[in-house]
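Everything on this sheet refers to the single structure shown next.
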Amino acid sequence: MQAERPLWVPDREIVERSPMAEFIDWCGERFGRSFADYDAFHDWSVSERGAFWTAVWEHCKVIGESGEKALVDGDRMLDARFFPEARLNFAENLLRKTGSGDALIFRGEDKVSYRLTWDELRALVSRLQQALRAQGIGAGDRVAAMMPNMPETIALMLATASVGAIWSSCSPDFGEQGVLDRFGQIAPKLFIVCDGYWYNGKRQDVDSKVRAVAKSLGAPTVIVPYAGDSAALAPTVEGGVTLADFIAGFQAGPLVFERLPFGHPLYILFSSGTTGVPKCIVHSAGGTLLQHLKEHRFHCGLRDGERLFYFTTCGWMMWNWLASGLAVGATLCLYDGSPFCPDGNVLFDYAAAERFAVFGTSAKYIDAVRKGGFTPARTHDLSSLRLMTSTGSPLSPEGFSFVYEGIKPDVQLASISGGTDIVSCFVLGNPLKPVWRGEIQGPGLGLAVDVWNDEGKPVRGEKGELVCTRAFPSMPVMFWNDPDGAKYRAAYFDRFDNVWCHGDFAEWTPHGGIVIHGRSDATLNPGGVRIGTAEIYNQVEQMDEVAEALCIGQDWEDDVRVVLFVRLARGVELTEALTREIKNRIRSGASPRHVPAKIIAVADIPRTKSGKIVELAVRDVVHGRPVKNKEALANPEALDLFAGLEELKS
């Protein structure tokens, strides 16, 4: 039997020239330490968190005053405070660069394309921050945006942060109730919208939704031109004004930044909302900045002038992560719309034309490219691409292989995982270590990540809960409208005392990497054996006949049985032969325990706005329980397909 080999191994020159290696050497000199290897450095970053995060601040040249203390009450997760004396402004650190080089490059499908230089971006932010101040918006006020992933959105966020206000955003494909479920909780002082957007080659109208949401929020509304007629829409919206009129009275001048405490709120992000009204998760300016600087500069190796792309909407935390790339001087490549319009080459066309250094996307996208028969390795010049990242759901081992066979054989592939809760990653890529098929390379610097069993003991070689045992800067400041912190504590600290339990079912590998087997709350438990749903998806979704799958545990005869729903490829029927083939694939690729008791074909599978399937909502429908918040779904009508199924009555 041939020994397993890594898919990618960094060559010596890459290692020696990487910002990660440079940082390790710098820390050794700065603190008089010698680190034998990366693992030793990671251990130090966790045991000496004050020194480590001070090093990130100093090495990345954060603009602001750090104060004398880096960490207070570090042993208590909920009470820990990083840089309690610090003063800084998030936007000031993202707008340190000037000149005629590209800051933002944008494509809206094949309908719109333009770019902003650093000087143009700074000029726009200057006019916007003056307009915000004239509107009476300052520290602690909320600005809510229902916007595409376009340059104006980045500029508006930066202007909001520059005056100390709090930014919150969603994508324009949210329904009226979905927008209100989010922004209605935070009482924004200003509402920002587009006048339409493009998706799949068609203009999507938002006029009636904008009018209804603006009226309900009762806030002045700024309408940004994109795919409609903002001048015609503005007079029909209560408190409506076009972006041009909003900034008309202000000329670009020197930028003015409000320096505030490290823990001052920067963003309000939202949970998916599939189990109730979305939680409003508040993230700090300092914690977000330091964590993203660490991830971009060291884990991704981003350098000044390189081009960073992430396929995301403004309703997903990866948009916030992408925006922070400006802090290392990277050029952001923005895209809005369908990643398959006009065809599946569109993002690779973009990557080749603009010479992406980092291409970020989702596991679902990689699988769709593979199933679509696209092979960019043969059709595109991706010579500039050195790092590809994948998140949103676990990337299957076959997905790993496809990246190296079909996209680029010498790229570093970093599967990453974290979430809205920390606006960053717990586990991610590492330019100093090999990439192994199906594995995330390892934990982030400064993060005490581990896998624990139900008894709260660390485990190796078996699955358990992904935890973080020590405080870190990008923990939420609080949940909005949670004055006693009860919702916050229940979300992360109910399971283990003084330990963050993230809700992922995970496993360490012999290489020191991590495999995420799915969400803990969606874990299947037939016969008392815990099975991660991703273990089943990894087998089934590699089959050309299966477009998508969703798995639940159904309560049955005092036990739980595994039920697999499949959305089949066009023209395919679920015959007895295909059912046997699916079961055999699961049995041989996973184990006999993973084989579903029932396999049922459905026309569609419900998913969130960011493309994640919703196992818990389907499980509720199957068991006759109400789904609390269908507005959180991109296709809520799909839930009806799972109600009262005859196949599940026997």
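Glycine too: its Cβ is placed from the backbone N, Cα and C atoms.
Per Swiss-Prot, ATP is bound by Gly392, Ser393, Pro394, Arg519, Arg530; the candidate from Asp410, Asp504, Asp544 named for the same site is Asp504. In this structure, the CA atom of Arg519 (ATP binding site) is 31 Å away from the CA atom of Asn200 (CoA binding site). Checked against Lys202 (CoA binding site) by C-alpha proximity, the recorded positions Ser393, Pro394, Asp504, Val546, Lys612 yield Lys612 as the nearest. In the three-state DSSP scheme, Arg587 (CoA binding site) is classed as helix. Ranked by CA distance from Arg587 (CoA binding site), the recorded positions Pro394, Asp504, Arg530, Lys612 have Arg530 at the top as the closest. Counting only same-chain residues at least 6 apart in sequence, those with a Cβ under 8 Å from the Cβ of Asn200 (CoA binding site) are Glu109, Gly337, Ser338, Phe340, Cys341. Each residue contributes its Cα atom, and for Ser393 (ATP binding site) and Tyr199 (CoA binding site) these two points are 23 Å apart.
Other C-beta atoms found within 10 angstroms of the C-beta of Asp504 (ATP binding site) number 26, with every protein chain shown included. The binding-site residues under consideration are Gly201, Gly392, Pro394. Their Cβ neighbour counts within 10 Å are lowest for Gly201. Nearest to Val546 (Mg(2+) binding site) in space, judged by Cα atoms and limited to the binding-site residues Gly392, Asp504, Arg530, is Gly392.
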